[in-house]
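What follows is one structure encoded as structure tokens, with my remarks underneath.
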């Protein structure tokens, strides 16, 4: 006797194929990570740190002698930072030596809620706060209780079953780490929405001592941050700005010099601050190299990888003893990548990354301009660079963007996005994009007003 008739076998086979197809489709959709919108913080005009304001802040520090004063002014001149960056309120009000908990909360509230309010307004009718399934907030130097994620949940009355993550101590690279966390959660949750809030609290951590390696943070870091809305729901593909292609993380913190090259500490006089050592560039280069070894084979075409392997092998055969191999990456990144979103951590970092990867001035322009206009805003900095590219109408459908970030630990966390539509929003750059890059070429006002800082005959003076 036959167990199954032909129609029954056909029905069973059809159902089997249907469920297998559905399973495969769901797994593929769960790997999706679409960027629906992002917003960057822009302070009010009265919060700008222009030449005069910076000079007054430096002069208030009674611990500085003339040599330290000259060092700070020289650093400001060569930093690549312009006249329109934003400072924390307590520093502008002259209270940097005695910050309060309220100062820290106020700074965070202003940045987080400003960007989130604008984000929800821009996506009204598409996503509401009650739709958010995952929330990741990263702020390295401020970890209050209740957490900042709880502060956001309370403000927007997010759902009781939301998955929240509060990250601290991860430095400028925390935004990409947050993106990676969201992507991994998306693999286990269908049709979900996530928020990533990236910023830093500067006011309560303003350095008031005279250690040169710790004074650098005051010259580079500025108030800023971003909020990003992500989803893995396939129905939003046509509404999304970009899709995440891959994310790779590398950590070299097992090396003592790398671990301690970018570290929060107190100086010998007990003043808390952030130490930046000369090993930072070496640690950044090592972490970035390890990262790209994994990331680039995922995004560059096979023919470029084969070409690179053949060239490297040929050089290995022809290089004689005593000769050094040519420096540089050797790979043509433009074969698989169109834009390079470098963390605007400082002029030396931007130019160093550009040189090591064989990038042009056009490629590193967005990072340099973001540094000039907004300064180093820590983990939110990458989004100001992305905003510059979009405001300049550089991002076209199908383009791929490499986001490169580095942070304390020491680590390098990078990701690649694919642009899903032509982008031309002027965003946070709206009032200044037409002035760039020309504005960045204007000599720093310190050069003229404080020209004596480069007079070496002043070096004998001690105050």
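Residue numbers in this text run from 1 along the chain shown.
Cβ from N, Cα, C; glycine included.
According to TrEMBL, the feature active site maps to 172 (among others). Less than 8 angstroms from the CB of residue 172 (active site) sit 343, 345, 376, 378, 379, 381, 405, 406, 407, 408, each of them six or more residues away in the same chain.
Residues or ranges marked as active site in TrEMBL: 251 (among others). Using a 10 Å Cβ-Cβ cutoff, residue 251 (active site) registers 17 neighbours.
As annotated by TrEMBL, active site applies to 339 (among others). Sequence-distant neighbours of residue 339 (active site) (same chain, six or more apart, CB under 8 Å from its CB) are 363, 366, 389, 394, 395, 399, 400, 401, 402, listed in sequence order.
Here TrEMBL flags 343 (among others) as active site. Every protein chain considered, the tally of other Cβ atoms within 10 Å of the Cβ of residue 343 (active site) stands at 32.
Summarising the environment of residue 372 (active site), the number of other Cβ atoms within 10 Å of its Cβ, over all protein chains shown, is 24. If you look up TrEMBL, you'll see 372 (among others) marked as active site.
The Cβ of residue 376 (active site) has 27 other Cβ atoms within 10 Å, all protein chains considered. The active site annotation in TrEMBL covers 376 (among others).
The domain 'FAE' annotation in TrEMBL covers 28-311.
What TrEMBL records for 337-418 is domain 'Beta-ketoacyl-[acyl-carrier-protein] synthase III C-terminal'.
In terms of DSSP secondary structure, the domain 'Beta-ketoacyl-[acyl-carrier-protein] synthase III C-terminal' (337-418) contains 38 helix, 21 strand, 23 coil.
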